[in-house]
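Visitor: Handing you this structure, nothing more for now.
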Amino acid sequence: MSSENKSPLLERARNLVPHLETERHKGQAGRIGIVGGSLEYTGAPYFAAISALKVGADLVHVFCPQAAAQVIKGYSPELIVHPLLDSNNAIIQIEPWLERLHVLVIGPGLGRDRLILQTVAELIRICRQLQKPLIIDADGLFLITQDIGLVKDYYGVILTPNAIEFCRLFGKDRDQTMASLGRLGAGVTVIEKGLNDRIYDSLTSEKYECPQGGSGRRCGGQGDLLAGALATFYYWALESKQEISPAMVACFAASTLTKTCNKYAFKAKGRSMTCSDMIDQIHQVFDDLFEHKKD
């Protein structure tokens with residue numbers, strides 16, 4: 001194992017991974033929900049969902065509008081797709097599923113439809129009552145910029161902004177970043193995506209910069225891959241009896257996996273690399289970095 005694969009955080013992330021034991025049953029390795037998709041954006045929820053599965057979750061449910069459902073189903077038969085997000089009684093139909101899910105990802109491909117955003121805001125409020133761990137990405141973050149109270153003091157929330165989304169949430173003054181993060185209250189973690197991803201813990205005021213940088217190719221969908229991978233790692237971290245900073249370690253694991261997938265795929269495909277090429281590398285990256293090895 002190379003020296004770069006021996007960092008303390010990577011070792012902690014490796015310890016989260018459940019062993020593949022014959023006694024385990026379907027669902028124990030993670031039941032993940034993806035809330036997103038729209039007529040224009042069907043790829044994003046698919047990328048997030050399939051990444052969660054390929055990292056190791058057992059089941060992934062996608063909650064999307066009717067117009068996106070058939071397309072997403074066509075991408076993969078492994079996904080469970082619910083065309084409910086724009087229905088008149090969306091909350092009534094989706095709420096019973098929430099209890100069954102371990103972690104939800106809110107935002108990939110969601111779009112800005114006013115009524116759907118209202119529905120998603122209500123889902124976030126219900127998830128808070130259920131103490132459901134959330135990862136909020138993409139247009140889910142737009143919703144938070146409109147009402148930061150949705151996640152203030154919500155222990156178990158991870159926000160995943162890129163550089164532009166980060167500035168919208170917290171301003172451009174880097175010297176005031178931690179003070180601005182204080183608006184979130186306690187228990188919210190932020191991973192800012194960039195050349196080197198930065199993880200901020202609003203509870204402890206801890207900051208960590210991930211050393212892995214990937215390649216110069218920035219294809220669309222990488223953030224969705226990270227969000228899906230993060231959901232699986234986060235569930236494993238929350239289930240761990242030893243991990244004292246589950247969100248921090250899960251963010252590090254997802255960032256490292258995503259950047260390394262980028263590096264591997266770029267080596268194979270160069271400038272023509274797409275997110276699908278990165279997803280094809282998940283199995284190899286996971287085996288190299290996270291899988292339990294027999295002595």
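Note that Cβ sites are derived from N, Cα and C of the backbone, with glycine treated the same way.
Quantities reported herein were computed from a predicted structural model and do not represent experimental measurements.
According to Swiss-Prot, the protein has these features:
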- 9-289: domain 'YjeF C-terminal' (DOMAIN)
- Gly109, Asn162, Ala163, Ile164, Glu165, Phe166, Cys167, Arg168, Asp224: (6S)-NADPHX binding site (BINDING)
- 193-197, 214-223: ATP binding site (BINDING)
Visitor: Among the binding-site residues Lys193, Arg217, which residue has its Cβ surrounded by the fewest other Cβ atoms within 10 Å?
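Guide: Each of the binding-site residues Lys193, Arg217 was scored; lowest Cβ tally within 10 Å is Arg217.
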Visitor: Would you mind pulling the DSSP three-state label for Lys193 (ATP binding site)?
Guide: coil
Visitor: What is the interatomic distance between the Cα atoms of Lys193 (ATP binding site) and Gly109 ((6S)-NADPHX binding site), given in whole Å?
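Guide: That separation, Cα to Cα, works out to 17 Å.
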Visitor: Do you know which of the binding-site residues Glu165, Asp197, Asp224 has the most other C-beta atoms within 10 angstroms of its C-beta?
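Guide: In terms of Cβ crowding, the pick is Asp224.
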Visitor: Would you mind ranking the binding-site residues Ala163, Cys167, Cys219 by how many other Cβ atoms sit within 10 Å of each Cβ and giving me the lowest?
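Guide: If we count Cβ atoms within 10 Å for the binding-site residues Ala163, Cys167, Cys219, the smallest count is at Ala163.
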Visitor: Among Gly109, Gly221, Gly223, all listed as binding-site residues, which has the most CB atoms within 10 Å of its CB?
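Guide: Of the binding-site residues Gly109, Gly221, Gly223, the most buried by Cβ count within 10 Å is Gly109.
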